[in-house]
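Record features, source TrEMBL:
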type: TRANSMEM; residues: A:6-24; note: transmembrane segment
type: TRANSMEM; residues: A:77-95; note: transmembrane segment
type: TRANSMEM; residues: A:116-134; note: transmembrane segment
type: TRANSMEM; residues: A:146-167; note: transmembrane segment
type: TRANSMEM; residues: A:179-198; note: transmembrane segment
type: TRANSMEM; residues: A:248-270; note: transmembrane segment
type: TRANSMEM; residues: A:282-303; note: transmembrane segment
type: TRANSMEM; residues: A:374-402; note: transmembrane segment
type: TRANSMEM; residues: A:422-440; note: transmembrane segment
type: TRANSMEM; residues: A:446-471; note: transmembrane segment
type: TRANSMEM; residues: A:478-495; note: transmembrane segment
type: TRANSMEM; residues: A:515-536; note: transmembrane segment
Amino acid sequence: MDVQNWTYILVGLTFALYIGIAIWSRASSTKEFYVAGSGVSPLANGMATAADWMSAASFISMAGIISFAGYDGAVYLMGWTGGYVLLALLLAPYLRKFGKFTVPDFIGDRYYSQTARIVAVICALLVSFTYVAGQMRGVGIVFSRFLEVDINTGVIIGMLIVLFYAVLGGMKGITYTQVAQYCVLIFAFMVPAIFISIQMTGNPIPQLGFGSELADGSGTYLLDKLDGLSAELGFAEYTQGSKSLFDVFAITLALMVGTAGLPHVIVRFFTVKRVRDARKSAGIALLLIVILYSTAPAVAVFARTNLIETVSNKPYAEVPEWFKKWETTGLITFTDKNGDGLINYVADKEQNELIVDRDIMVLANPEIAKLPNWVIALVAAGGLAAALSTAAGLLLVISSAVSHDLIKKVYKPNISEKGELIAARLSAVGAVCIAGYFGINPPGFVAAVVALAFGLAAASFFPAIILGIFYKRMNKEGAIAGMVVGITAMLLYMMKYKLGWFDETLPDKSEWWFGISPEGFGTVAMILNFIVAIVVMNFTKAPPKEVQEIVDNIRIPSGAGESINH
Amino acid sequence: MTNSDKAKRYWRTNIKYVLILLLIWFLASYGAGVIFKDELNTIKIGGFKLGFWFAQQGAMYVFVILIFVYVRLMNKLDKTYGYDVD
């Protein structure tokens, strides 16, 4: 059977599964809609968090990014996993004990201020919308490449599926579909990785395989060979990298802290029953995430070596079939600059004749390694699972920010339970439509901005939540000033150095403050937030006694079951 | 021991655990994977240079272990203080 049919079957089966789960787990109260009734087991929450977290970027793009960045790719590997340690140790248990529905809930109550609540809502919407647009686009791309439908049709199909289970099931539906999506995506990622690891090194465990000797009997280590190949073509040695130490430091920290401050990740910990379940499910989530994240650098090395060996200095007339196929999608381009008919793939931009999109490394990897058709189709189903699960989590944050934080808590406090549930569903519909619109008409800056959602989260939520838990004296004036200054600084730096809105052309790297890239600036903005918050606090009144009692209360784990029934 | 003394002592022990674990978190990632990468790269285990391995593998494994250690420590601490009842 050909790849196309396999893809229709696997994608169709997984979609039917998601819809089935959605019908089975409909939400009947706001508590079920926002936090799945706070009755999710630590294992299920761990799986759901892992799927929620691993987006199209993790599944499709990350291995490719590492493949071209070599050592530097570690900023993503460490950055997107290390944040879970912060979550488990510094945030999740206390937020669970606090036991409300959303992140703005915590900010608004802890800082006894509607202004703080509204600032938090704006930050949550800003972070989540930039992130979700990228996911819908990812859905469209997977559809168009594997099923040869138009990208826009792909986005609309994706919208309808998410709409169905997010609107019907709320957090409850999303949680259990995410559990299924984790299984699909991890299977889809691991199968090709294991196949290729065996092919190249004879070791079935990719994590060990990429540190092993080649299976061709030459006795050379794979990594040494890749270092050699890279050097030969003029690239930096694979295991060395080329970013400055300071920037590596800043980006990694911004990603870690941003991860811990992303509202769609934080709310997952409101869904478990007890404080100790929140800690445990953070551990399970990270374990399940690390299965994919520790495989990605192995895939990166396999794919990079395979690519160089297959195409470098080979006659263009004799390239394998996958090369032509991906050429038609524009993801591979070849221009024979010196007219010798050979593919000249080198670091020097003047002479280089081959441009390879990084997404190819995962999408085309099974074809490059000549794996069976069903494995290729599996990658499509996995990519869709990754994009849809993250999109759903983000949409819930957006809809609850509107229906719970704005309508219920600010504009219409006496709204009935039923009315709020309808409002929640309607805002989910609205959010899906806006996300779909951005997926179909991506403003040029969306792709550039998605990576910066982490910087925005690091600059706004992380300090406000940490100070709210660990610094009893922190008051509303300090927290609000910190959040506003932090997120503004991040936005301005991003507009100037990433989007180039303030100058004729994008400013050069040499103008970056202290050599810190826009991706790493979240670290600076976060420090700024902390400093401003503490200085302002020192000149203003201490928080009222009731608020200090809330802080004392969230530090003690017992009694989490009651606090949710408010 | 009054209730608030008890809560204070519990909190202090918790902070101590958190600080120790975060120190290891920092050393495994920013230490071994970034700052001392070049020194560690002179050591090779199989095909892996050690600094590179920490940055792309080891740090992540340490993170997972740290969370589960914290889970165990806190479950024990909760029990000692009688905070494990719901």
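Heads up, the Cβ atoms here are built off N, Cα and C, so glycines get one too.
The stretch in closest packing with the transmembrane segment (A:515-536), judged by the count of Cβ pairs under 8 Å and taken from A:77-95, A:116-134, A:374-402, A:422-440, A:478-495, is A:478-495.
Contacts between the transmembrane segment (A:422-440) and the transmembrane segment (A:6-24): absent, as fewer than 3 C-beta pairs lie under 8 angstroms at sequence separation of six or more. Counting Cβ pairs under 8 Å to the transmembrane segment (A:179-198), the top-ranked stretch among A:116-134, A:282-303, A:478-495 is A:282-303. Beyond the ends of the transmembrane segment (A:6-24), by six or more residues, the same chain brings 146-147, 161, 164-165, 168-169, 173, 176-177, 180-181, 184, 373-374, 376-378, 380-381, 384-385, 388 to within a C-beta distance below 8 angstroms of the stretch. Ranked by Cβ pairs under 8 Å to the transmembrane segment (A:116-134), the stretches A:77-95, A:374-402, A:478-495 are led by A:374-402. Residues 42-43, 45-47, 49-50, 53-54, 58-59, 62-64, 66-67, 73, 77, 80-81, 84-85, 87-88, 92, 182, 185-186, 189-190, 192-193, 196-197, 200, 206-207, 209-210, 222-223, 226, 238, 268-269, 361-362, 365, 368-369 of the same chain, all 6+ positions outside the transmembrane segment (A:282-303), place their C-beta atoms under 8 angstroms from a C-beta of that stretch. Within its own chain, the transmembrane segment (A:77-95) has Cβ neighbours under 8 Å at 53, 58, 66, 103, 106, 251-260, 265-266, 269-270, 275-276, 278-279, 282-283, 285-286, 289-290, 293, 296-297, 454, 465-466, 469-470, 554-555, 557, counting only residues six or more beyond its boundaries.
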